[in-house]
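Let me begin by presenting the structure, written as structure tokens, before commenting on it.
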């Protein structure tokens, strides 16, 4: 009788696939030297996972430049923080390069509330001030410490994390991401400010609070769309 079983993968092939898996989880590799994002093409019917490329003859040095991180953001809000992104949406030369940056400014005692970046690991470099930072693993373990000016901290891809200015003077960091568009989901805004809204009874059961309190919290997070 013929043996129809497929041969087992050689050990070397298994190891190669295991090593390749992390690279497959990030942004796709570029296939040409440059692919400057063509924002005008988004007005048409074509939709891509990313942005179409400008024609090379239309590309200029300014497509690879931005001064967006030079100035502090406005921290006059309830959280006391401001995130200024330098992603592919604002810096077209980043398209297909798999990296981006952001600047985060904090008012005294300001907080960048718990959030995740579903498509990127984040590394922060503290420009000024002192921050209490932390992230939570899927086992619900908190890794937290204080970082000061000149120091670096890493938040692994997709894990909930936060930063808090622990001083009476402003603070600021520069963030680096291994994605041209890392995405951000703020935990509170996502749950209580969704559109359409997450059912109140679902949130009441999840947080073990009454429906009236859920509605009160929802009123603080109006939907963005």
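Along the chain as shown, the residues are counted starting at 1.
Just so you know, glycine gets a Cβ as well, placed from its N, Cα and C.
Whatever TrEMBL says is automated annotation, not expert-curated.
Features reported for this protein in TrEMBL:
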SIGNAL    1-25  signal peptide
DISULFID  35-53  disulfide bond
DOMAIN    66-215  domain 'Cupin type-1'
BINDING   112, 117, 122  oxalate binding site
BINDING   115, 117, 122, 161  Mn(2+) binding site
Between the Cα atoms of residue 122 (oxalate binding site) and residue 115 (Mn(2+) binding site), find the distance and write it as a whole number of Å. 12
Cβ density check for residue 161 (Mn(2+) binding site), other Cβ within 10 Å (all protein chains) comes to 23
Near oxalate: residues not in 112, 117, 122 with Cβ within 8 Å of the site Cβ centroid are 102, 115, 116, 124, 155, 161, 175, 177, 182, 184
Run through the domain 'Cupin type-1' (66-215) and tell me, per DSSP, how many residues are helix, strand and coil. 22 helix, 58 strand, 70 coil
Cβ atoms near residue 117 (oxalate binding site) (within 10 Å, other residues, all chains): 23
Pairwise CA distance, residue 117 (oxalate binding site) versus residue 35 (disulfide bond), rounded so that it is a whole Å: 24
